[in-house]
Amino acid sequence: MGYPEVERREPLPAAAPRERGSQGCGCRGAPARAGEGNSCRLFLGFFGLSLALHLLTLCCYLELRSELRRERGTESRLGGPGAPGTSGTLSSPGSLDPVGPITRHLGQPSFQQQPLEPGEDPLPPDSQDRHQMALLNFFFPDEKAYSEEESRRVRRNKRSKSGEGADGPVKNKKKGKKAGPPGPNGPPGPPGPPGPQGPPGIPGIPGIPGTTVMGPPGPPGPPGPQGPPGLQGPSGAADKTGTRENQPAVVHLQGQGSAIQVKNDLSGGVLNDWSRITMNPKVFKLHPRSGELEVLVDGTYFIYSQVEVYYINFTDFASYEVVVDEKPFLQCTRSIETGKTNYNTCYTAGVCLLKARQKIAVKMVHADISINMSKHTTFFGAIRLGEAPAS
């Protein structure tokens, strides 16, 4: 917005409507008419419109003046007091005179002013200027002192620049206004709304699977404090079973009187046709089908066995083994005597350290013999002597 826009604004039509309104309402002694009330309302409407136009003109003028002040300050900072732009802009006293455009248009009658009606007396120019200045001071009392000071400053500038040529102001006017310096940054705005949720990310690389190897055991902790002694329990009855357990446990098995051919009647050569004569069930357990004797308690055991054999098919000797978990522990071998009968017995015994769940059995070595399972000549047993010695 520049200075030429001020010259193109229309003059303020304030005095003419006032005089017409006063004549229409008969305030100057005219005879009353029938439509006097309507004329008063019409006058008030025109008066309000005129007042609104006044206010609009004043607002535009104040905006123009502030723009010119900013432009002048920028040019003075950039080029100093003798810059061409400053002298050209301020060479005309009416460019920054806050009252100049208004009083010039109001003081000189223009062709846009409405003609006076017959019987109206025009107000003198001085009274019109004073009337407009009074309105300006009434609505903007703070601008009065600044307007007078600005007018005096423009006049001094005009006198100091009067020696310049006539082409200088015209050239400066054609340049136009320059851009002012950037203002300070404004306060940050409010945060915006949250954006939409983004797509899911790429799954990460799976980690290295851990190992199930147990680490080395840590050092033993310090011993805890000794607890208080417990309460004395009630006196118990004498345990008779303890004395029985301290006694030697015995098992004795006998044949049932049958005759057995090893090749046809025995599976794997193990004798299984036993009858129990005596057995401690807490220490021994017999498996009838397999013929094995299981030990239930660790300890030192005396194992014994005897078998009556009958030689057949020109066999001149017989042999059997006492096995522990199918491993040979004792072995007995007997040959036939010349001129004797084919029956003969073979006895063997020994001491062995056994652990719980170990099994004892009698196994024949040769298959071409027959066994006489008589209860007096064929038997098998074991005696627990005591606990195993400490290693």
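Here the Cβ of each residue, glycine as well, is placed from N, Cα and C on the backbone.
The annotation region 'Disordered' is assigned in Swiss-Prot to 1-28, 72-129, 146-244. Feature annotation from Swiss-Prot assigns compositional bias 'Low complexity' to 86-96. What Swiss-Prot records for 180-229 is domain 'Collagen-like'. The domain 'THD' annotation in Swiss-Prot covers 249-385 and is backed by sequence analysis. What Swiss-Prot records for Cys332-Cys346 is disulfide bond, and it gives sequence analysis as the kind of evidence.
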Within the predicted model, mean pLDDT of the domain 'THD' (249-385): 89
Disulfide-bonded residues listed as Cys332, Cys346, least Cβ neighbours within 10 Å: Cys346
Where Cys332 (disulfide bond) falls in three-state DSSP terms: strand
Helix, strand and coil counts within the domain 'THD' (249-385) (DSSP): 4 helix, 85 strand, 48 coil
Per-state residue totals over the domain 'Collagen-like' (180-229) - DSSP helix, strand, coil: 0 helix, 0 strand, 50 coil
